[in-house]
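Asks: Here's a structure for you.
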């Protein structure tokens, strides 16, 4: 068996990744209950002791445990189980598809898979040589190989399927005509068959060819006790149709001499009736017409009736026919005259050397011999015709690329009486053994020596001497001696036998031992004694001219097809003998097999009783020895599993090295040997696993080759996956690009509608109303439904449901605003409302809290047609009134920040275009029914927001009335979002170019400016008043401040000395290169900035931080900074003594006036990560003031009036600044 596929990679069987420093994600081990425990060793190369006995013991263990297959490297050893083990089901067959030898248990399916895969992969012809003795299971193995190949060879068209069916149909057909029950095997092949399956370049079967060898035609006329004739005779006589029985006179097998002589009619395990139907079905599948089938069974009937012709000795001593009716019926079947049949059987035509033709009457033995010769000739030629007819149907229907041959030939035979047939059979087995020796033992060792490979020679027996003993011409071998004896005394068979025996006795060969009446040949399988009597006559293998004349006189066209050659009465040249034919066939077979890559199946018969439980160790040991399994094990353990020329090796595996291939092309410029070495190097094959010869690369273990094959298969898979991935990415780019274009188009189109609506707002105001800055922003769009009333979900949908707004009403505008409520006895005030406008009505919706629950209800629903006018002012305020003029209700006075947008939608929805907008200095509305009132609008710069009081609205000045909206601002530049993700498509869009706005694939955050060191920071001038004011903890009124005792202000303190630079307790590092973080926990760095390392990991990442934040950064980007030595502590001059209050005794004072100078600050600052001390607690009796220094003693002092005045001034300045900011913010408001 050659090399098969590597296993497919398991997608789930990948190493578990773990986080840095985390616990590895190791799966818990599970006990596999499905795996079958191995008995013995499945490969005999693994046995501890190499001996015939150890091999036999291992085979016995496996046989007892229903394991019949064992490997010797790539050779399969099969032990016949004599029972069905259920190991040839479709499920088992599927499990071997695409698997190599090491993945699955030994099986004949693995041999078939290997042969089929190697044929497709290496484009080499393959052959499977099945050897072993009769009954060891060769035919069954051949059928299983055909079953597997037919299943996996693919092809869905009708022609290929028909070819498969015909190939499988040849098994039952040829078994019926070529197999028989023997003492050693119930289904013994009595012929040899070499089936050559032909495949096209795609590995699909397109045809087949069958060559048959050594049909045992003597079985037609004679069998030993308890054996049977060929199966077809019993199938036909038991299962023939009534038409055949009437036309051909078919009776039960017991009625015919040829089927009843051995006394065995039935066989255990064989159903002749069922197999007869299988034979008929096989004939139909192969394409035999009904007429052809009729002629086949007519010839079978003729053979059966020929055997029933009996003779007796006449008065003249010659043979006469006992029953003329039998001859008459045979003449009817052969379509000849009965007289011609009697003449052909009872009259012998002799042709001496002088050319005179002599007709000699035959005696009874001679007549019976001629009768049997007639039957054998018909059956032999009928079998050849069937094989030729099958080949005609299996002719290749397309161009043939490669083939797989399956050799099924009966095995080595040793009987008590061995004659010419056994000599031919054993000779062919010797030739097959010679092939095995040459290919696995001799040729392998010779190749190692020729290629200069380091090798330990193994001793083995070369059976060439035995083959030469049988087939040699000079000196003459056994076949040549037979032919010479026939030439010397061709007319007398007994004289020929004696001449042949004399020649055998004169031979000198260690493997030949002459005896009295027989001779012994020491075959590789054992010593066999051959009987000389009749052996030369069988070697003649020529049909009497009388029988040939009989066939020539037949009026049946089919008989002329069986015997196409006309009889040449003048030809005296000796025809080829049977020995010549078998030698030519055997040599042709050897030539065919040597042109293919062989796979071997060595079959072993465990016992002679066909028992499924018996294991005869003695018999099996004998088979182990003559099959040479021990030598095969030794060579396999010491040899190389694979060898190939450098050119073919590189051609096969150059894809595996980046130095020999690029994009599938061969780019290596050196010689093929260095290329092969480069491939093995790049694939990490250990040097111990291969050797380089003179012309070939040798790989020791099959696992290595499996790995190379698997990597090659994965290469194509990966390339296909890469192309698919790029193609999918390309399609995704097109889809995304189209989506982006559509999105931008819709955005521009929809935005254009909103912008056009905004321009209509300018037209409605007629350039007479001042505008707010927000209303003129370029990004301002009139969206309309701000509350989402038209949405199906969200708060807007709940409002719609609460007011029972019909679904048919389209919401044009919605927002929140306020309404001016007038209550009796109270001033008017603003109340929040919800404004909703549809195509027909304007709704004012209220929200009330009732029993702690919000209730939403329609307060007013004003039809748009009822609105007579809308009144607004010329100022920038948001107030407007809806002039309804209802006699029962007042007009609503509303405020809404989106008033202009509301007017725009209202004008478009107003029926008849009757929208009347009044713009004046005041707002007009009916405060009470039919009672109009004017609301004045005045400009007040002190008002940040619109303020209503006493029928007057105070508002700030706005933008000029003729102001127009600013242009739409450009969007903020953002990084281009990649269309796809993955290694093959670069980020940044279809072009794959990174965006100018990105660093990597995300924007780099702006660096926060790092504060300058304290030592280099300039000290600002200190305000005398502000310098004495710490954090304000309480606002002190001016009156209370003025009531305090006056204290002169202290002199300004001297500027403090620059503090030393803080020394970090954590290591500082400088950033060498700019780094953009790729995830949330990665920290983006700017080149040159200083960071602090908080945590170091061994995986190349450190946890860093600075003023901008913290995160993980690569170690290689950082360089440690050596901190400088701390500067000397500088002392500042003492301030002059402060005049004024006497020394106070107490501990809570802010300063001690009697102390001449404050102590110097500490040399080291607190750590950067430490939080500052909390401010002092507020005091009830005044403001707490801290001096510039700190001391152990403290005092309490009352602020002076000048100090209070300075504090008040500072507070006013601060309040003014805050108001200015608030004013600016209010201006930005709606």
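Glycine is no exception: its Cβ is also placed from the backbone N, Cα and C atoms.
Per Swiss-Prot, the feature ATP binding site maps to 132, 133, 134, 135, 136, 137, 138, 139; the stated evidence is sequence analysis. Under the heading compositional bias 'Polar residues', Swiss-Prot lists 1033-1045. Annotation source Swiss-Prot lists compositional bias 'Pro residues' at 1047-1062, 1122-1142. The compositional bias 'Low complexity' feature in Swiss-Prot is assigned to 1179-1214. Swiss-Prot lists 39-713 with the feature domain 'Myosin motor', giving sequence analysis as the kind of evidence. Annotation comment: Swiss-Prot describes 717-737 as domain 'IQ 1'. Annotation comment: Swiss-Prot describes 771-961 as domain 'TH1'. The domain 'SH3' annotation in Swiss-Prot covers 1064-1123. Taken from Swiss-Prot, the feature region 'Disordered' covers 1-32, 945-1018, 1033-1065, 1116-1230. According to Swiss-Prot, the feature region 'Actin-binding' maps to 403-485, an assignment based on similarity to another entry.
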Asks: Provide the three-state DSSP residue tally for the domain 'IQ 1' (717-737): helix first, then strand, then coil.
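Replies: The counts are 21 helix, 0 strand, 0 coil.
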Asks: Identify all same-chain residues not among 132, 133, 134, 135, 136, 137, 138, 139 whose C-beta atom falls within 8 angstroms of the centroid of the ATP site's C-beta atoms; report them in sequence order.
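Replies: Everything else in range on the chain: 80, 185, 188, 410, 411, 603, 605.
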Asks: If you skip the near sequence neighbours and keep only those at least six away, which residues in the chain come within under 8 angstroms of residue 137 (ATP binding site), Cβ to Cβ?
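Replies: The list for residue 137 (ATP binding site) reads 78, 79, 80, 603, 605, given in order along the sequence.
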Asks: I'm checking region-level scores; what's the whole-number mean pLDDT for the region 'Actin-binding' (403-485)?
Replies: 86
Asks: DSSP on the domain 'SH3' (1064-1123): how many residues come out helix, how many strand, how many coil?
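Replies: Across the domain 'SH3' (1064-1123), DSSP assigns the residues as follows: 3 helix, 29 strand, 28 coil.
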Asks: Please name the residue among the binding-site residues 134, 139 whose C-beta has the most neighbouring C-beta atoms within 10 angstroms.
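Replies: For the binding-site residues 134, 139, the Cβ with the most other Cβ atoms within 10 Å is 139.
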Asks: For a quick check of packing: other C-beta atoms within 10 Å of the C-beta of residue 133 (ATP binding site), how many?
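Replies: Total other Cβ atoms inside 10 Å, all chains included: 24.
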Asks: When you measure from the Cβ of residue 132 (ATP binding site), how many other Cβ atoms are you left with inside 10 Å?
Replies: 25
Asks: I want to verify one value. Collapsing DSSP to three states, which class is residue 138 (ATP binding site)?
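Replies: Its secondary structure by DSSP: helix.
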Asks: Using Cβ-Cβ distances, find the residues under 8 Å from residue 136 (ATP binding site) that belong to the same chain and are at least 6 apart in sequence, listing them in sequence order.
Replies: 78, 80, 411, 603, 604, 605, 623
